[in-house]
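Novice: Let me begin by handing over the structure; questions about it come next.
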Amino acid sequence: MTLITDIRLRRILDSRGNPTVEADVVTESGGFGRAAAPSGASTGEYEAVERPPGEAIAAAREHAVPRLVGEVYAGNQRDVDAALHAADGTDDFSEIGANSAVAISMAAAKAGADVLGAPLFQHLGGTFRGENFPIPLGNVVGGGEHAADATDIQEFLAAPVGAPSVADAVFANAAVHAAVADLLEERDVPCGKGDEGAWAPSIDDGEAFDVVAEAVSMVQDEVGFNIGFGLDVAGAELYDSVSGTYEYSDVSRDTDEQIEYIAELVEEYDLVYVEDPLDEDDYDAFADLTDEVGDQTLICGDDLFVTNTDRLIEGIDRGAANSILIKPNQIGTLTDAFDAIELATENGYDSVVSHRSGETEDATIAHLAVATDAPFIKTGAVGGERTAKLNELIRIADDAT
Ligand SMILES: O=C(O)[C@@H](CO)OP(=O)(O)O
Ligand SMILES: [Mg+2]
């Protein structure tokens with residue numbers, strides 16, 4: 001019933017106004033799935049390769065579509081994704097593009113769910129999923145590669161760890177986002193928004209820490225549950241491999257100083273989450289920091305692991321980080337993303353399913369997080385392409401998908 005009978009690929013707009021790949025998958029019994037690839041700005045060196053959308057579409061039409069249409073059942077995700085790998089023939093999707101691959105992979109999953117008449121999370125995760133929800137990490141202030149002339153640290157995140165429901169958590173993050181705007185106005189700091197909808201003021205990191213800590217504590221008092229504070233440092237973007245230092249606007253830190261700086265921030269702000277505090281090649285530094293503060297906070301590898309099980313195995317062996325960011329487009333298929341989450345879970349690493357800075361209204365990652373029982377999701381706080389995922393989580397919790 002789920003035999004794939006048609007695949008259409010097109011260029012659509014992403015949230016930055018750039019083209020991206022959208023896929024439609026149709027099955028023999030009329031099942032339909034549509035999904036779109038997101039796109040990163042602070043991309044990891046070891047990510048699967050995103051090709052210009054026009055080229056990715058042409059290559060996928062030539063190599064992948066003939067291997068899928070009339071050949072593979074959309075309901076069998078591993079077969080779909082194996083066919084995508086076989087069609088590509090490289091180990092980084094540089095032939096058909098990880099953007100075409102992930103769009104087709106996710107669209108096939110949705111078509112499979114459609115034939116079953118089941119919500120996507122249930123098709124992917126089974127009937128016992130849908131009871132637990134990820135804690136949403138909400139980006140409220142940001143800079144780095146996501147906004148010009150703003151903070152050095154890429155993302156200051158609200159983490160409503162004590163929220164009684166996913167809806168309460170989502171609204172709490174939006175409230176922190178609004179409180180940050182009020183506090184910045186009081187300080188006469190004008191600001192626009194960065195790529196993910198976070199405020200992008202022209203302030204230094206120290207001032208951003210003050211503002212976000214105050215906003216978090218104000219909203220925490222209002223809502224009456226615990227809201228933590230987290231960061232995505234995007235360390236690889238700050239790291240200068242020639243000098244071996246992390247280059248901030250006002251200071252440069254060598255690796256030991258960077259480890260100490262992050263450890264101090266964990267203490268001072270009681271950080272519950274720190275993503276990519278160090279360079280993507282430095283497993284040893286990740287291991288040292290994890291050793292120092294890993295019992296107090298999550299040290300998450302994004303550019304370090306790029307959702308890749310080989311890189312995660314290396315991290316597990318060396319004690320680097322205790323958490324992994326999961327971005328399906330970093331690795332190209334849902335199967336690969338699932339395998340990374342399962343390997344992480346088996347080894348006590350918390351998975352954080354994540355958006356990209358360039359997004360669409362596609363909400364697959366909300367279902368992926370619920371399907372895999374992931375403890376966290378990072379998908380912004382406000383903005384249509386971000387709320388598409390947050391509102392989908394609320395609907396899943398309300399049993400309304
Ligand atoms: O670094 C990150 O975690 C992501 C998403 O927040 O950014 P980008 O998609 O630009 O890689
Ligand atoms: Mg990151």
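FYI, residue positions are counted from 1 along the chain as it appears here.
Cβ atoms are placed via backbone N, Cα and C, with glycine included.
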Novice: Given that TrEMBL annotates His146, Glu275, Asp302, Ser354, His355, Arg356, Ser357, Lys378 as substrate-binding, name the residue from Glu155, Glu267, Glu346 that shares the site.
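Specialist: For the substrate site that includes His146, Glu275, Asp302, Ser354, His355, Arg356, Ser357, Lys378, TrEMBL also lists Glu155.
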Novice: Suppose a student reads TrEMBL and sees Glu275, Asp302 listed for Mg(2+). Which of Asp221, Asp232, Asp350, Asp362 should they find annotated at that same site?
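Specialist: Record check against TrEMBL: Mg(2+) site with Glu275, Asp302, extra candidate from Asp221, Asp232, Asp350, Asp362 is Asp232.
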Novice: If TrEMBL gives Gln154, Arg356, Ser357, Lys378 as binding (2R)-2-phosphoglycerate, which of Lys327, Lys389 does it give for that site as well?
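Specialist: Only hit among Lys327, Lys389 in TrEMBL's (2R)-2-phosphoglycerate site, alongside Gln154, Arg356, Ser357, Lys378: Lys327.
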Novice: Which is it, of Lys327, Arg356, Lys378: the one of these binding-site residues whose Cβ has the most other Cβ atoms within 10 Å?
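Specialist: Result of the Cβ crowding comparison: Lys378.
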Novice: Given the recorded positions Gln154, Glu196, Lys327, which lie within 10 A of Asp232 (Mg(2+) binding site) by CA-CA distance?
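Specialist: So the list is Gln154.
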Novice: Where the criterion is a Cβ under 6 Å from an atom of ligand 2, which of the recorded positions Glu196, Asp302, Lys327, Ser357, Lys378 meet it?
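Specialist: What lies within reach of ligand 2, judged by Cβ under 6 Å, is Asp302.
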Novice: What's the number of neighbouring CB atoms sitting within 10 A of the CB on Ser357 ((2R)-2-phosphoglycerate binding site)?
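Specialist: I count 26 other Cβ atoms within 10 Å of it.
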